[in-house]
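Per TrEMBL, signal peptide is recorded for 1-23. The annotation domain 'Cadherin' is assigned in TrEMBL to 52-139, 140-249, 250-355, 362-466, 467-570, 571-673, 685-782. The transmembrane segment feature in TrEMBL is assigned to 813-834. Under the heading region 'Disordered', TrEMBL lists 841-875. The compositional bias 'Polar residues' annotation in TrEMBL covers 847-861. Feature annotation from TrEMBL assigns compositional bias 'Basic residues' to 864-875.
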Amino acid sequence: MDLLSGLGLLVALLACNIIQSSGQEKNYAVKEELQENVLIGNLRKDLDLTLDPDIPLSAPLHFKLVYKTGDIPLVRVEESTGEIFTTGNKIDREKLCAGIYNEKRCFYEIEVAVLPDEIFKLVKIRFLIEDINDNSPLFPSTVINISIPENTAINSRYSVPSAVDPDVGVNGIQHYELLKGQNVFGLDIIETPEGDKWPQLIVQQILDREQKDTFVMKIKVEDGGTPPRSSTAILQVTVTDVNDNRPVFKESEIEVSIPENAPIGTSVTQLHATDADLGPNARIHFTFSNQLTSQAKRLFAIDDNTGLITIKQPLNREETPVHKLVVLASDGSSTPSRATVTVNVTDINDNVPSIDTRYIINPINGTVLLSEKAPINTKIALITVTDKDADLNGKITCFTDHDVPFRLKPAFDNQFLLETAAPLDYETTREYAIKIVASDSGKPPLNQSAMLLIKIKDENDNAPVFTQPVIGISVPENNAPGTQLTKISATDADSGRNAEISYLLGPNSPPVFNLDRRSGILTAVRKLDRETNASYTFTVLARDNGSPSLQSNATVTVSVLDQNDNSPAFTHNEYNFFIHENLPMYGTVGLITVTDKDIGDNAAVTLSILNGKDKFIIDPLTGVIRPNVSFDREQQGSYTFQVKAVDRGKPPRSSVARVTINIVDVNDNRPVFVFPSNNYSYELIPTSTSPGSVVTKVFATDNDTGMNAELRYSIIGGNSRGLFSIDPKTGNITLQEKIFSTDHGLYRLVIKVNDSGQPESLFTIAIVHLFVNDTINNSTLIQDLVRRSMETPFDQSIADGDMTPQTNDYVKIVIAIIAGTMTVILVIFVTALVRCRQTPRHKVVQKSKQSGEWVSPNQENRQIKKKKKKKRRSPKSLLLNFVTIEESKPDDPTHEHINGTLDIPVELEEQTMGKYNWATTPTTFKPESPDLAKHYKSASPQPTFQIKPETPVPPKKHHVIQELPLDNTFVVGCDSLSKCSSSSDPYSVSECSCQGGFKTAGSIHTRQVIQSF
């Protein structure tokens, strides 16, 4: 044996001899032969078992009787209460403790485990079996023969075979009685040191063989039980002939030791005896006493002549360590000699240890079924090892022969608990064959082994495991319903039902998929559409059939592969774009948006124009539409064509959309008067016309649309007295006040029509002539007046003259002379003023015009006329002068150079003049003349305007219009007609003479400049 094995054996020895603290003993006394279900004790109470509430228990407290397989327990333990009861198998002390005659040495032992493992205790219960008198004493035979010589002395004693009673104590043999002794014999009882009672027959009278050679009696034996039991045997005494001397042993007490393995025939000892007689009476015979046990008679033999005791059968110390042999030496006389030989059988290591396994966990077909969930220290069995040998030969060690997750834990002397020492795992090791070895300390040691089979019971402690925790699947869209996608598989390390796996879809799984519970085949129950769902991510479950079941999950990702199953889709079936007609060529009309629910090449869309390529182009990728022509809404208001979208799938798919491009109007057309058709017509307004009557109307049209064609009418000249008004929407001209005789004459109304265009409003001016009179006596004169009105600038008033046909020519001439004179004076004054206040921004240039003489009705204040009905007012004299102002604006990228004319009317009023005269005197200012326009612009509270009736205004121009009010005049009075001479210098000031002075009739007003863009 090497060092390591010796060390291991030493450790095992130490481990086996440690007293386990969990072991506890309890003694009970119980009578034999009790009936079934007799209560013996209560372990829970007797052991004072109290539960610690802080210790959680895996199971309720219970008790389990631990016994050897195959044994029939004589008691039972109530599992839940710990009560001990007798069973139907009665306790028989004599059978249980055969050969034990000490009433206090018969025990029955059991072991009880207190469970569960959290409070485990192993309790050894020792039942002291109390004897009852259930057996009668019996003699070895029913007839006992004894030979007594006739010369036997009185009070001589002869041994009588003893009776045997299996009961012990008081229930054992207590008394012998000789019946019918005839007073010849008596009976005495000798008690041995071991407590045995031997009967002896006493000779009470002298025997005479010749008189009577045989005595027949009865001997009775009785125990001390209550009631006592007894039996009898026939005792027959034979009187023999005289033999004077009996043999004498050299040693009456001999003690020898002999090993138990002594072979048959081995001499134990030899007895020596002598006899004083001679001849045949001196011949000695050696025999065993009839009180010798049957076992001794079986094991030993004695030579009748030599007295040599030999071994007849093998000895067994473990059965009987000491044999007492009573040897009789007889020479034929009636009284033999006695010698006692004590044979001590010495032990040799001839018995292997025995292993007794008592299961705490009941085995099935000899195999313990242990759950893999069993905690550490779970008790499996009680191992009891014994050795019949003595001393070192009987000192036992026990251990397991290899490394297993189990250990032997000492409980009592030579008793060990087999328990778990480490966690068990069915998936690692499904069964254990534990070899328990018991070895004694003899030389050489003897070993015994026992196999204990433990099968690990599978518990559902392993959840199914997917072969892939994340399962990726790619499937083309438009699949057929029921298409198999993949097979999902999982494994379970458990066994049996615990390893039966069912496959389930997770709670987040879409209804489009189905998973077979058994096979794990994943199918698509409906056609997949990538455009609806490009991918699906859900969980699948693998659940075993254990109790409780365990499950695990895996993530499944289904990617739907695209197919060209979608045509390009326009965002609208029909596109309507609105662009301004002034959009430049290749400007952006709009964007065609097209989508394709497919992806990749299946969604790569190219756009093209099917018709209308001559007027529009489209970017094939971006969808931007651009014109390659210029637009004119008035010529064509919309364009319609089709756009085709084609993808690059195989085969390609396409779609078509209708595109309508609406040309949005730009305010590029001025209003055009339809009525009056020309500026040379006139309307007669009878004097009887009542106020509020529509005397005429104007009507204009605009080729633009929308706001650009919304027109508004206004009177911007020739209505200083407010005699007429115009409806801004309808163009109806209405008489506002009652016509008086002083209102007769020709009226020139300057009508302006504006559109509402943005960002710049356009306008047109028309002239409406109204002749106020009862009748037309001289139409030629009226036509002449109209012609002269048209020759007069529109920003000058024609009001301050009488244009009635009845006015005499003299008055006309006088008025003309006066007017001319006043004009000359005014021109001289204005020229001097302009030269003194000339600015670099304005230059006054004389404008040569040929103007005819014309007059209009007096525009006197109508309120003054009402106050002075009987007094005739003096007519005003109007002198019209025309001043031309040329203005140059600096270069501006947003403005064009503008040359404009400003016509300034000057009114001269003579308070004492009663008739109307008119004359026209053209007056021209040099460019360096004083800036009268500046004066008017700074002083006038009303806006000025520029009238260019015959010149069309181009679109998108910036106009600066200045308008002077018709009543802004200088008034000069003259007594006679002035004559003026013209200078050949166009920039010289004309001089004219006029008698009398001049005065200013009113203040000079100017209007602000209006710039429209």
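Backbone N, Cα and C atoms are what each Cβ position is placed from, and that goes for glycine too.
Here the structure is a predicted model, which means the values were calculated and not measured.
Note on the domain 'Cadherin' (571-673): its mean pLDDT in the predicted model is 89.
A contact between the domain 'Cadherin' (362-466) and the domain 'Cadherin' (140-249) is absent, since fewer than 3 of their C-beta pairs, 6 or more residues apart, lie under 8 Å. Mapped onto DSSP helix, strand and coil, the domain 'Cadherin' (52-139) counts 7 helix, 34 strand, 47 coil. In the domain 'Cadherin' (250-355), helix, strand and coil residues by DSSP number 10 helix, 45 strand, 51 coil.
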